[in-house]
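Accompanying notes for the structure given below.
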Amino acid sequence: MTDLTLKALAAERQVSVDRLVQQFADAGIRKSADDSVSAQEKQTLLAHLNREAVSGPDKLTLQRKTRSTLNIPGTGGKSKSVQIEVRKKRTFVKRDPQEAERLAAEEQAQREAEEQARREAEEQAKREAQQKAEREAAEQAKREAAEKAKREAAEKDKVSNQQTDDMTKTAQAEKARRENEAAELKRKAEEEARRKLEEEARRVAEEARRMAEENKWTATPEPVEDTSDYHVTTSQHARQAEDENDREVEGGRGRGRNAKAARPAKKGKHAESKADREEARAAVRGGKGGKRKGSSLQQGFQKPAQAVNRDVVIGETITVGELANKMAVKGSQVIKAMMKLGAMATINQVIDQETAQLVAEEMGHKVILRRENELEEAVMSDRDTGAAAEPRAPVVTIMGHVDHGKTSLLDYIRSTKVASGEAGGITQHIGAYHVETDNGMITFLDTPGHAAFTSMRARGAQATDIVVLVVAADDGVMPQTIEAIQHAKAAGVPVVVAVNKIDKPEADPDRVKNELSQYGILPEEWGGESQFVHVSAKAGTGIDELLDAILLQAEVLELKAVRKGMASGAVIESFLDKGRGPVATVLVREGTLHKGDIVLCGFEYGRVRAMRNELGQEVLEAGPSIPVEILGLSGVPAAGDEVTVVRDEKKAREVALYRQGKFREVKLARQQKSKLENMFVNMTEGEVHEVNIVLKADVQGSVEAISDSLLKLSTDEVKVKIIGSGVGGITETDATLAAASNAILVGFNVRADASARKVIESESLDLRYYSVIYNLIDEVKAAMSGMLSPELKQQIIGLAEVRDVFKSPKFGAIAGCMVTEGTIKRHNPIRVLRDNVVIYEGELESLRRFKDDVNEVRNGMECGIGVKNYNDVRVGDMIEVFEIIEIQRTIA
């Protein structure tokens, strides 16, 4: 047989060459990959490998199977049996003796190190306690020495002042006694310090011993375990199903339930829990055997011995049920507490923060008020706004009747001042534009009707500075002209009158002045405050004078705005464009709006992706009083929404989502406003209240008669204010005006049209129809009477004469009285009269008759009266009992 090379032998044995070289080296034979291997060397290697296999670590593998049957109820009342087999496998490895010795040596070294550390910790604790005791003893000695020196100085002064030897002896005795006391105190302090030292050392030793025990148990070696579960254990639902099946089976057994032999207990944790459940069911059935051991499944809840005071977090609005859940009480208890406070509510009713705070504090809980708009306030406050205010251009809204040349006037101003020199005029009209004049810039709002004007004012945003009222010189004042006057007056905005069509032959400017003077618009030449400018939109006459009049009025108003910093403004109009998405026309009021800014606009937010001016040109920024069209919002905002530039887009999104969620609550809350029955709820002390009314009637005579009658109802406390009035049906403009002014809509022999009803329903306005003028006057008078503060009156209900005075340890002086008039009632306010002069006013605390507490004593009976916090009651005094009643005032 020829010798093989080592490489060929490795290929034959299917091992690597390096591995085979290492095995030869372990057997004591040095070989390389190209060396030949003889038969003798093969035998030597085989013997070496066999010895290694025999001397290897021993392994022991244990396998265990557990079989059980699970009954699962099926459809139709039948149960199905499922066989469950749980397999477990464990492998134990015998350690090498040398490895065991090494581990034992390491454990011994670790225990010695822990013991050394424990001894060092004990010694360190003893040293620290000793030093602490010495410091305390030294400080105590210093304090006692100082006290002793102070006492000696005091004693010395006292001895120097004393002249007799007897007093000197007394002082010396006192001094000796105090020294003894000081010594006793010092001894007690040393004992206390020694006791603390011993306790500290004992505690440290116990802690070190406990740590050593824990380390000992942690360091204990455990056999190497390889556990494999081949099946998932029974789930909780399966155990519940098994319990339900057992109950059904046991319920069907009428006899022999107790006589049945117990099944052998299963082993394992699942069997143990099943046994516990069986025991619990047996205890419930109340079988024989007397007192049973409590099952682990029985709940151990104990009712609290006293009320638990909680920290209740209350938002701006909360329902009664939510408040009860936060306080962990039943809703009926909260309703009872509210009834005690004088408020009726159902469990689903929304209450405000103040009411919820009163109820929670009344029930003994601590209230934490949380403002839900904290994030919104934080976002709004974290804005970089400039400090220096500069003059800004006025914002002008042009109003007037539809046929009076308002559109022509706007077109002429745009064609001459905005797009001069540009072929084709304006490329795009966005509802607002600004013009440059020699004296300054003016911004015009071109809004259809008065929608944006009133919606902004309803939201508290004063976007318009001046109103230009366009009146045709040949037509005079028309219904929409009157509506525009009412809107301007309600907003408190100055009016500049443009008398249009002055070039017509039938033009009569004086007639326009006379008609407008009836509505409070007086020209300056008549002593009024309104400027009248004669213009012609067709011929172009008077346009420059109109612009100068607007700038003059703006100069009087002294309009200023901050130009630098983050911008804020209002939405003039908005729409959804098919190619560009949500588009909003924004009028900047303060700061500068840049392209790329993050804006928060009502319920919407976004980054300004593009800005265009009224000419359709791309712009990068816009200052105060400049209208621009912005793209990039998440949705279409509403006209009149506030536009604010913020820093963080994520926070802007959170605020927008919060506003969307809050909108429903605000809408529900708005349903309670401007109701005649709830007018008195809005009453505030010290203010003159107003009942705002928008009146529409069938004829002008009815309007004047009703207006005069309502205005005559005004008093010093409640005023009737006619916000708007007119002839004809109730229109959408009337409803919008009522919503912006928080007014009541009154229709006399007229009705509201479809668009007005839609606004009335969405804004939850109070609309009332009348056909008899007396009913209208009476209901408004009742509403005004409800706004009057009630009158308080004191009514005497009883009088008692003091016949004798007794002393009571609980109430002090008790007056024995005879009731001479009326009835004496307990806990009522009283007055004590002596010689018909009031000497005390307080409250009746105790009322008894024949040692029994009573609530009232009638005329001709004797009783004992205890006056709260008053004991100077004398025989012959008169006790007067009265009650305070509220008299509701009415308007005559």
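Every residue gets a Cβ built from N, Cα and C, even glycine.
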Open item on the list: For the annotation region 'G4' in Swiss-Prot, which listed range does it cover: 28-31, 372-375, 500-503, 640-643?
Closed with: 500-503
Task: Among ranges 400-407, 504-511, whichever one Swiss-Prot labels region 'G1' - done: 400-407
Open item on the list: Quick test of your reading of Swiss-Prot: among 330-333, 414-417, 446-449, where does it put region 'G3'?
Closed with: 446-449
Open item on the list: Can you give me the same-chain residues 6 or more apart in sequence from Asp403 (GTP binding site) with a CB-CB distance under 8 Å?
Closed with: Ala472, Asp475, Met478
TODO: Please list residues from the chain of Gly400 (GTP binding site) whose Cβ is under 8 angstroms from its Cβ, counting only those at least six apart in sequence.
DONE: Lys406, Leu469, Val470, Val471, Gln480, Thr481, Ala484, Ala498, Asn500
TODO: Could you find out if DSSP has Ile502 (GTP binding site) as helix, strand or coil?
DONE: coil
Open item on the list: I'd like the number of other C-beta atoms within 10 A of the C-beta of Ile502 (GTP binding site), please.
Closed with: 22
Open item on the list: Per DSSP, what is the helix/strand/coil residue tally across the compositional bias 'Basic and acidic residues' (93-159)?
Closed with: 63 helix, 1 strand, 3 coil
Open item on the list: Is it possible to get the count of other C-beta atoms within 10 angstroms of the C-beta of Lys406 (GTP binding site)?
Closed with: 24
